[in-house]
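Database features (TrEMBL):
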BINDING   C:46, C:195  substrate binding site
BINDING   C:122, C:168  ATP binding site
């Protein structure tokens, strides 16, 4: 069960163990991602040279692959790192940013699914639907949809890949193909800050590093994300202040905050 | 005519249509650029792989090319995307960051002018002067100058390229070679935040996506930039807070703010 | 001697001369680095194309090489720029981020030491120890240590390379192999903001551009870093606000602030 207590327990574990999370992510969010991981208590490392990613995996506790700004050498590094992570047995979290928008993104996403076999996949509803269909056809960027309407795709994707799938949105849905957890925290201002989804993926890497139950780890990460975002929004007068307040809140977040704000 | 009403009309159009602006820009400003576009109501996408830029253009409403941090593969992508944008007929906005500083920048800028045929070019006075002279000789980084002293170069550049040229500075000048609009809003603290010029270019992309009159679109974007910057400066105690307040202000900016602050 | 007066004198020189600092640095911190250089009064430029780095050096007053996010073409550019800077006689400052973590990082760091011959090297205790040993063996990421315990390595590294070596930490130690300066300012929140070390390295580039005594320049930069960080921390409720307040404080920092806060 996901409750305030289980969330706090994992958050405490992240802060105590400070897992090293290896990120191969996009240029837009690297600073935010590193700061969010530091603020939550983890240790970020960013490295993408094919010459070193497999070595970096040897000292890492989780790998986060985010395909926001793709290019050939980066894809090479993602695949190398993913295979090394599989070999070492650390969790791999995948963020298929923009899948469905171009054939290239679909191809790369399919390669990552197949070769890196991620434990957890996180995207918005459109991305999860596009990814579930990536082998058969390209859908383009779908129109806006509710998380709920992408749930069947998420379950199918989870079952086919033996992965936990997270759909971010006003409601976050987390499924392993059978069970579904729902996280209702968050705010409507959060999508106005670039990379909030990427941050959620990175935090998921930190939680997966301390909790081997991928379904719970992902749900806990999304809960911390939503609770911190909701509290930070109350102190913000726009997306600029939210970006700052969110980092402060991740850093400060207490067991009492979680108990008070978590929506079961 | 550029007035408070025409500015508000375009801002409203950006917020309602939320145009997808495809940015091929520099590493320093990507996060700011994406956040500014989100805050003003547009949708940013960053993609630079030659494998996908032409496909991304198919779903975009404007292309912004910024050469702040150049390298070979990125230039390839800029040219491919620019040609695809020309083919599709969406506006292309070009920011020749640092042109004049090295021969390589001059070559790349000349290639972009020739192959992508931008609708709008935005730079500071030194860059516009260097760009106007890029085919005949390299000038290096010019000494500081007023926008006014670069106006002849801007007009020449505009006429030669059939483009609107924007000179940013304490006074912004926007010209199509014949007409000149002047925007007097802004603050002296704004140049102390890195990438404010790049943000202006990106916002110009959003406004060009909703107003096919490039001269007006560029003037409106610069006005929104200056007004938001001026209001944000009043709440700031340095460039750190200005970066945040500027994003909040872009998000909040009302018709009343514009009517009150715009300097015709 | 390093005292409040000598620190203020160099800070004033940076603000008056506004030296152009050429950074070849990592993706995570580029925005922060540029903003910190602007806030302290310097002029940042980021350029990494092998086609132009040597030309950019011709207009620069210092070169900062930071190997946070490595890849082959970037290393090529670092070496080209470093040699051009040596040829021109401007200071080269090197930040061996993550050296010791992978064999590739060790190789690259050794190449930079040998080919670029940096005037100043700045890292944390683990990095300085790993770098001092990079030619003989790979140490991996060392456990946390005090700056003091890495001092012997720093002195050895300084002597072998004819460089000033800075160890950042709760206490900053700055040595040329013989003399040692200690800077005690700073706060425990600073390491929770990503890239604070990278910022210290970039500021060191600005100070080295205005003071040819590398030992003093480095000590002054670390003092300004620590003082601004300490003052900014007092206004911060977490690492998000510290990132902003630090930039504001660099911008505002007065002679009186330095006189009051500097810990000799």
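Every residue gets a Cβ built from N, Cα and C, even glycine.
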The number of other Cβ atoms within 10 Å of the Cβ of residue C:168 (ATP binding site), counted over all protein chains shown, is 27
Within 10 angstroms of the C-beta of residue C:122 (ATP binding site), the count of other C-beta atoms across all shown chains comes to 32
Hits for chain B proximity (Cβ under 8 Å) within binding-site residues C:46, C:122, C:168, C:195 read C:46
Listed binding-site residues C:46, C:168, C:195 screened against chain A; CB under 8 A survivors are C:195
Same chain, |i - j| six or more, Cβ under 8 Å of residue C:46 (substrate binding site); the result in sequence order is C:22, C:23, C:24, C:25, C:30, C:33, C:34
Under a three-state DSSP reduction, the secondary structure at residue C:195 (substrate binding site) is coil
For residue C:195 (substrate binding site), the nonlocal same-chain Cβ neighbours (under 8 Å, six or more residues apart) come out as C:28, C:29, C:32, C:33, C:68
